[in-house]
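Okay, so here's the structure we're looking at.
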Amino acid sequence: MPTAPRSPEYRTVGRTSGYRGLVSDSTNSGGDAQRAVPFALRVAAAIGWRFLVLAGVLWVLGEIFGALRVVFVPVAVALLLAALLAPAVDALVRLRVPRGLATAVVMVGGLAVVGGVLTFVINAFIQGLPDMQRQVTQSIQTIRDWLREGPLHLSDVQLNQFIDRLTKWISENQETITSGALTTAGTVGELLTGMLLALFTLIFFLYDGRGIWSFLARLLPRNVRTRTLVAGRRGFATLVGYVRATAFVAVVDALGIGIGLWAIGVPLVVPLAALVFLGGFVPIVGALISGSVAVLVALVTKGLVPALLVLGVVLAVQQLEGHVLQPLVMGRAVQIHPLAVVLGITVGVSLAGIAGALLAVPLIAVINSVVRSLVSDEGLVPSEVDVYQPAEAEPEAERAERAERTGSGRAEPEEQAESDRTEPDEPPKRQ
């Protein structure tokens, strides 16, 4: 039976209603599918892809650093040296010495000090080498006698066979040893190039470090430029505090262990003390390695008992460093958790070897201060931050919060008691 024709309004409404129903059904089905996924799985997926993006960014940065390591490492070393020498340059400038002349004086003086120390250490090593060779020869003879007359009862034939096998192994692996020497020669060439680049960069850091940082900050948007300048100054204050504290601790370690080695009679006291000083710039790991070398030299040249005495001296100095010097010298803003130190040194060694181990900890300290400043500092003028005062590495808000927390913690019981005495009790509520 034919139906009556529908009006245009009805057809329009019907089509629109059907379309809305289709959209509603599709939306409901999508919502049902989303609700079917557990909430924990959705959160894990959201965190997972963000973590993958972050890991990808870190991987790209690592590849860039590895490709340009010959540039980044000397610049970072120059920045460390600038944190140590820049206060002297500014002190001369305050005495009305032209900045160029002040930079030249500090550079020449620094090179003279480094050259004099290296000359002294090398001469001490050359003078102590014959005595060390004599003591090593005596120790080897003592070991041979113990192997023959001790519990092993080895014969001269067996000892000679062992020496022959060792000589044969060296001759068979001569090519590998030679290639390693050539690789070392290439590394020495890269080292000299890096030293020249670091020296050249250091000159400009000392002469116009503020201008370089201001130029880099002008590349950023105007609304974040001031906070970036403040964060950079706090980061450099952290670097200044770290370099000062580390150098002081390294000197104390070298003097303490050096005096102990001299008292025990271990040869090569000055070179070993210099090694301890250099190892002091790599927290935890550097002290462990340099102390182990001193114990090994004492064991080879003097025997077991002197080696144990040297081990005791090293442990005593390390305890003094860890529990007295570092908490006293290192500022609150420079302190880093030991786990972050170990992990940072591990990553630094994997990326840049010894230089990475040297630069890892100060890099972590600077990043820590910069991030805290970007989060906390607001409305602060860059000139208000003194880059040569390590205490300025901590943001104003954190210092005020810590002072308020400390003060309230001390006064809280008294304030509460006073409040209890002065405030009237509430009247009991009627039931």
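Here the Cβ of each residue, glycine as well, is placed from N, Cα and C on the backbone.
The compositional bias 'Basic and acidic residues' feature in TrEMBL is assigned to 396-431.
Summarising the annotation, TrEMBL assigns region 'Disordered' to 1-31 (among others).
Residues annotated as region 'Disordered' in TrEMBL: 385-431 (among others).
The transmembrane segment annotation in TrEMBL covers 39-61 (among others).
Beyond the transmembrane segment (67-89), the same-chain residues lying 6 or more positions past its ends with a Cβ under 8 Å from any Cβ of the stretch are 99, 102-103, 106-107, 110, 190, 193-195, 197-199, 201-202, 205-206, 209, 236, 239-240, 242-244, 247, 351-352, 355-356, 358-359, 362-363, 388. The transmembrane segment feature in TrEMBL is assigned to 67-89 (among others).
TrEMBL lists 101-126 (among others) with the feature transmembrane segment. Listed as Cβ neighbours of the transmembrane segment (101-126) (distance under 8 Å, sequence separation of 6 or more from its ends, same chain) are residues 81, 85, 88-89, 92-93, 202-203, 206-207, 268-271, 274.
Taken from TrEMBL, the feature transmembrane segment applies to 196-220 (among others).
According to TrEMBL, the feature transmembrane segment maps to 241-264 (among others). Packing against the transmembrane segment (241-264) from elsewhere in the chain are residues 80, 83-84, 270, 272-274, 276-281, 283, 287, 291, 294, 298, 302, 306, 309-310, 313-314, 316-318, 320-321, 325-326, 329-331, 333-334, 361-362, 365, 390, 393: each is 6 or more residues past its ends and has a CB under 8 Å from a CB in it.
Here TrEMBL flags 270-296 (among others) as transmembrane segment. With a cut-off of 8 Å between Cβ atoms, the residues of this chain six or more beyond the transmembrane segment (270-296) that come close are 117, 120-121, 124-125, 128, 246-247, 249-251, 253-255, 257-258, 261, 307, 310-311, 314, 318, 321, 338, 341-342, 345, 357-358, 361.
Long-range contacts of the transmembrane segment (303-320) within the same chain, counting only residues at least 6 positions beyond its ends with a Cβ under 8 Å from a Cβ of the stretch, are 139, 142, 252-253, 256-257, 260-261, 264-266, 287, 291, 294-296. The transmembrane segment feature in TrEMBL is assigned to 303-320 (among others).
What TrEMBL lists as transmembrane segment is 340-367 (among others).
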